[in-house]
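For reference, the structure discussed in these notes is given below.
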Amino acid sequence: MATVQKSQHSHFFLLVGCIVHLSNFCSTTTAQFDYFKLVLQWPNSYCSLKTTHCPRTRLPSQFTIHGLWPDNKSWPLSNCRDTSADVLKITDKGLIQDLAVHWPDLTRRQRKVPGQKFWVTQWKKHGACALPMYSFNDYFVKALELKKRNNVLDMLSRKSLTPGDQRVDVSDVNGAITKVTGGIAILKCPEGYLTEVIICFDPSGFPVIDCPGPFPCKDDPLEFQVLSRRKFQDL
């Protein structure tokens, strides 16, 4: 009986210690995550939104990366503490050029030598949640790998869903993606534009899994533009 009471007292003081010193007593040094969300955006739709300004004369003619987000099914992950000793700078010139093509900042003018602040911000907000499984550099390599392995524009074109004046149905877009990946994707369609496609993966990046939702797009026809209706100017 005395042993049981002693154990209960120990748990009580541990709980009190956690409450008083939560930041350094009970916190884990690394974030755990259940799955990856690869968020891809269609540039013409994204740059057509009323709240978006894209100062580029030419937009990419492919889906580009918005982000690679580690996440949990029980609670959302973001702004995880970076406990690594990595210097937050990409030194591989080939990787930088690859990111400039596949993960550009559409709200900034295109440059011959891309700045890295945009990608570092993505790491701090989302990528660090993938530690310790993925380092700073590995995180961007994985994002590019998943994006190249899942060509959404090609998936849609196989079902004759191509950018243009004709609208596309949400169910048709979902069906075309599931047909190839085997998983249920999430679509984002603000202002009636097919703007984002989110594909979910096991933490290793394989296989594709069903995204847990929510699924914000109603089953209404969406605009999938080949040319933006907004005017762009190179600043």
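For all residues, glycine too, the Cβ spot is worked out from N, Cα and C.
Record features, source Swiss-Prot:
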- His66: active site, proton donor (ACT_SITE)
- His126: active site, proton acceptor (ACT_SITE)
- Gln41, His66, Asp105, Leu106, Arg108, Phe118, Lys125, His126: RNA binding site (BINDING)
- Cys47-Cys54: disulfide bond (DISULFID)
- Cys80-Cys129: disulfide bond (DISULFID)
- Cys189-Cys217: disulfide bond (DISULFID)
- Cys200-Cys211: disulfide bond (DISULFID)
- Asn72: N-linked glycosylation site (CARBOHYD)
- 1-31: signal peptide (SIGNAL)
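Recorded features from Swiss-Prot, shown on the structure.
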{"residue": "Gln41", "record": "RNA binding site", "DSSP class": "strand"}
{"residue": "Cys54", "record": "disulfide bond", "DSSP class": "coil"}
{"residue": "His66", "record": "active site, proton donor", "DSSP class": "strand"}
{"residue": "Asp105", "record": "RNA binding site", "DSSP class": "coil"}
{"residue": "Phe118", "record": "RNA binding site", "DSSP class": "helix"}
{"residue": "Lys125", "record": "RNA binding site", "DSSP class": "helix"}
{"residue": "Cys200", "record": "disulfide bond", "DSSP class": "strand"}
{"residue": "Cys217", "record": "disulfide bond", "DSSP class": "coil"}
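Over all protein chains present, the Cβ of Cys217 (disulfide bond) has 19 other Cβ atoms lying within 10 Å. Here the candidates are the recorded positions Cys47, Cys54, Arg108, Phe118, Lys125, and by Cα distance the one nearest Cys80 (disulfide bond) turns out to be Lys125. The subset of recorded positions (Gln41, His66, Leu106, Lys125, His126) lying with their Cα within 10 Å of the Cα of Cys211 (disulfide bond) is empty, i.e. none.
Of all the disulfide-bonded residues listed (Cys80, Cys129, Cys189, Cys211), Cys129 sits in the most crowded Cβ setting, with the most other Cβ atoms within 10 Å.
Long-range Cβ contacts of Arg108 (RNA binding site) within its own chain (separation 6+, distance under 8 Å): Pro55, Gly115, Phe118. Rounded to a whole number, the C-alpha distance linking the residue listed as 'active site, proton donor' with Cys129 (disulfide bond) is 16 angstrom. Straight-line distance linking the Cα atoms of Asn72 (N-linked glycosylation site) and the residue listed as 'active site, proton acceptor', rounded to a whole number, equals 12 Å. Looking only at Cα atoms, Cys129 (disulfide bond) sits nearest to Gln41 among the recorded positions Gln41, Cys47, Cys54, Cys217.
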